[in-house]
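Participant: Pasting the relevant annotations from TrEMBL:
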COMPBIAS  62-73  compositional bias 'Basic and acidic residues'
COMPBIAS  83-95  compositional bias 'Basic and acidic residues'
DOMAIN    114-178  domain 'J'
REGION    49-98  region 'Disordered'
REGION    176-197  region 'Disordered'
REPEAT    8-41  repeat 'TPR'
TRANSMEM  251-272  transmembrane segment
Amino acid sequence: MDGNKDESERCISLAKKYLAEGEKSKALKFLNKAERLYPSQKAKEIIEEITTMNGTATGKKTHSEESTKENVRQRKSSTGRGGSEENKGDSDTVDRSYTQDQLEAVKRTKKCKDYYDVLGVQKDATENDLKKAYRKLALQMHPDKNKAPGATEAFKAIGNAFSVLNDTEKRRKYDLYGPETDTTSDPRRGQQHGYSHGFEGDISPEELFNMFFGGGFPTNNVYTTHRPRHAHQHHQHHRTTNVSNDGSYTLLLQLTPIILLVLLSLLSSFFVSDPLFNMHKTDKYTFQRKTGNLQVPYYVKKDFRVEFKSDLRRLERQVEEEHISSLRQNCWRERSYKENMLWRARNYADARLYEKASNLETPSCDQLNKIYSS
């Protein structure tokens, strides 16, 4: 149904173009097609407007309008070569931007019930299996390459599926609780929530795509939608009048959240104390200490003091956990970048790039290995 809606919008846009050029018969043709695909109030209004224009035309236009109607009837009833070629050309204008295979791929992704189904992998799939499946599907479904209706949402679903299944903890929870598609809590997010199954990744789909492919595709189409212009000046005038009348009220609504944030930040500064440590040296945290176990450096204030040894051990354990978490994230990025470069080198048979990728170091991973081996 979403595909029909997109096609209907495209037919309406073409009808507006033909109407501006004075070709009412072609405009009506595409408006009627839009109504068959996905009935909408917009198409009905334009059809009524064209009908009104035809009904109130002067006597000098009567003969021209009758000829136009006769031509429309002839084109509809004609089985000759000329009518077929014109219909084919109009159809190509609407449908040429994507293939049937691309549309089927989008529909397949929409029907998937879980993330494993989205990526086309088994539940025991390894990290390499997930990356291989993601590379293939992301290239196939990227909105700048696949113009089929729903390709953007399918691309988001593929990125979200990889982000969740490639994270050990998120994958464990996903396998434990299963897909959750409760759309009643927020009707406005029903369709999007159906793609996420109640689980979402830490990074956006376009950021993940750029990590794999080095920004080889522009991502300006991933989250943008096109809104056609209004064809008539009286709509614009009506909208301008509303904006001028509601300007002061809108400005007040826009400033209200900012004022509340400022007030909340001022109030919180009186009640919330600073943390006991910082992983980096700042103006407040100037004195360096090291944990007793892993010798991880951290910084405290000048008046730092703990009452009991148990409190110090708890604090240092928190420092080490934060340090290891940071190393894990950096290690994942380093390994992904290196593996992606190796994959591109093998794919393009680039020996120099392969040598460069092989020599890339992963310092965060080395530190993690050192910690776990000690």
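Counting starts with 1 at the first residue shown.
Just so you know, glycine gets a Cβ as well, placed from its N, Cα and C.
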Participant: Residue counts in helix (H, G, I), strand (E, B) and coil for the repeat 'TPR' (8-41), per DSSP?
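Facilitator: Here the numbers are 28 helix, 0 strand, 6 coil.
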Participant: Which whole number is the mean pLDDT over the repeat 'TPR' (8-41)?
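Facilitator: Summing pLDDT over the repeat 'TPR' (8-41) and dividing by its length gives 86.
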Participant: Count the residues of the domain 'J' (114-178) that DSSP assigns to helix (H, G, I), to strand (E, B) and to coil, and report the three numbers in that order.
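Facilitator: So the domain 'J' (114-178) is made up of 45 helix, 0 strand, 20 coil.
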